[in-house]
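As given in TrEMBL:
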COMPBIAS  7-35  compositional bias 'Low complexity'
COMPBIAS  592-604  compositional bias 'Pro residues'
DOMAIN    62-206  domain 'Beta-hexosaminidase bacterial type N-terminal'
DOMAIN    210-376  domain 'Glycoside hydrolase family 20 catalytic'
DOMAIN    384-525  domain 'Glycoside hydrolase family 20 catalytic'
REGION    1-35  region 'Disordered'
REGION    555-604  region 'Disordered'
Amino acid sequence: MPPTPSATPATGPDPLGPATTAPATDPAGLPAHQPAAADLARVAARTAADLLAGPAPVRLGDVIPAPERVAADPTADFVLPADAAVRVSLDPAARDVGEQLAELLRPATGYPLPVTDVADPEGPLVLTLAGPGPLAVGVSGEVGAVDLGDEGYRLDVTTDGVRIVAVTPAGLFHGVQTLRQLLPAAIDSPTPVAERWVVPGGLIVDRPRFPYRGAMLDVARHFFGVADVLRVIDHLARYKLNHLHLHLTDDQGWRIAIDSWPRLATVGGSTEVGGGPGGWYTAADYRRIVRYAARRHVTVVPEIDLPGHTNAALVAYPELAPGKIPPPPYTGTDVGFSYVDPADERTYDFVADVLGEVAALTPGPWLHIGGDEAFKVRGAAYTGFVERAQRIVAGLGKTVVGWHQLAPAAHLDGRVLQWWGTNGDDPDIAAAVRQGARLILSPGNHAYFDMKYAPDTPIGHDWAGLIDVRRAYDWDPGTHLTGVPADAVLGVEAPLWTESVTSLAEIEFMLLPRLPATAELGWSPRAAHDWVGFRDRLAGQGPRWDRAGIAFHRSPDVPWSGEPAAPRPTVPRQLTAEVTDRASGQVHPDPAGAPGPPPTTNGA
Ligand code: TNX
């Protein structure tokens, strides 16, 4: 029951101001005189406000990824007032997080939300950078000290306001994403909504399980413009994913301008799967992506796939091809047929020039050199090539990342292998880890979001199986690989290959709702793993995506509630290409029966 106006505590300030006349009451409590019209209006307004009151619609723990510790206090809910300011520590990066909080809240609330670094610890929204070291916390009666580390945060909600404390701006940013999910779903509306902006009371202390949490977008099979990539970064940031891996080159297209080898982009970039026009990023485009990501505390990991998956480069520069024979452009979906000539020194000039330019454009520490499915470069020719490429990367001051096929090449300090197998019993990987390799886990049968959800979902492959939301969620990066201890696992990544994905709506359909599963595996403590709880929290994201106009798949294994508040975004077209079953090497005609690529000659 909402409280009646007379139940308002006498001690608290009346938000509607004092009444103009204090009405006398008779012994039965009825007004002794006819109230003035102004008084009636005041009571009506007050009653309406109180009717809108009530418990917060979101519970403090209803967050993805699940926070490490949550102590709800239902007596401490906070309602954001229209005149709130965002107060931040005197630090440019912290201030920018405050600006981003205001930018997130302004459209739906319509509130001005000025951002200031004038201190007022009592203010309604306060973001504070604390010094490093353990922070005293008391959650659920348990008192202790927690080291928030590079990305952790503490979020306190009391009736007076919301306070987020972190050691780094990244931690503040993650706290802001939590706050966003604690507000009613209408906060994702792009236009003002009449809503009581209530945040559930209590305390959250949170930090990630793994330092690397990411997604990959293949911009080579189909090209996606800068705006699409920025929108994907938004989705990552919302769920505290902190790496965007861009698969920039493949047989069907070369997507980044390289000054010293200009035809890579102008010639190699002009094709894509299915014969479309392709495209490529200029250095300015790429910098824009990197900057946008960095503001959201997301690091870009560029991949130049070598020595295989290079047909587009060979079309542009036949001198790199074996026998210097120019290949025709390729717009199908086969793999494993192309390679740069590992026996020619010119190839290493190319590798050094390309990796040098990409490294110079990339502030993050990683440089991904691919290494997968180079079926025609075998044995010593392959390991010799990889070892030289690894040394080039190290010489540029970057850390090598490569697909797990790199494992047989000699170990290089710090190198990271990205595992995409489907069987966690892989002795080569266990051996590489014993030599010091760290792993990013992208199990094909759990994290490959180019796999279909179900036989009848319109786009995607199924060579690694069908991946519904539960399958995306039900695995443990800490124990997934035999002989690989959790501390060798740098983190998780969900790759989205785009042979069958042609638009932003299709990217979103494939990523959502599975991407939050990867995010939770990478961030939340294992003890928080719980399918039913996750499924129910995930259902709460649906109305947010609807409000934001995001085209997600309404997976039947999630209890989505209600109908969207805004018209649903376009659903993906029916698949128009054939789907290659990589495990069997078979090509399956798509149900729609459209002409497809040539048959696969090599299984993975
Ligand atoms: C395997 S995983 C590939 C890609 C394909 C993908 C399709 C990996 C490193 N290589 O070339 O696009 O399967 O699922």
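Every residue number used here counts from 1 along the chain in the order it is shown.
Each Cβ is built from the backbone N, Cα and C atoms, and glycine gets one as well.
The domain 'Glycoside hydrolase family 20 catalytic' (384-525): residue composition by secondary structure is 52 helix, 23 strand, 67 coil, according to DSSP. Here the domain 'Glycoside hydrolase family 20 catalytic' (210-376) returns a mean pLDDT of 98 for the predicted model. For the domain 'Beta-hexosaminidase bacterial type N-terminal' (62-206), the number of residues in each DSSP class (helix H, G, I; strand E, B; coil) is 39 helix, 45 strand, 61 coil.
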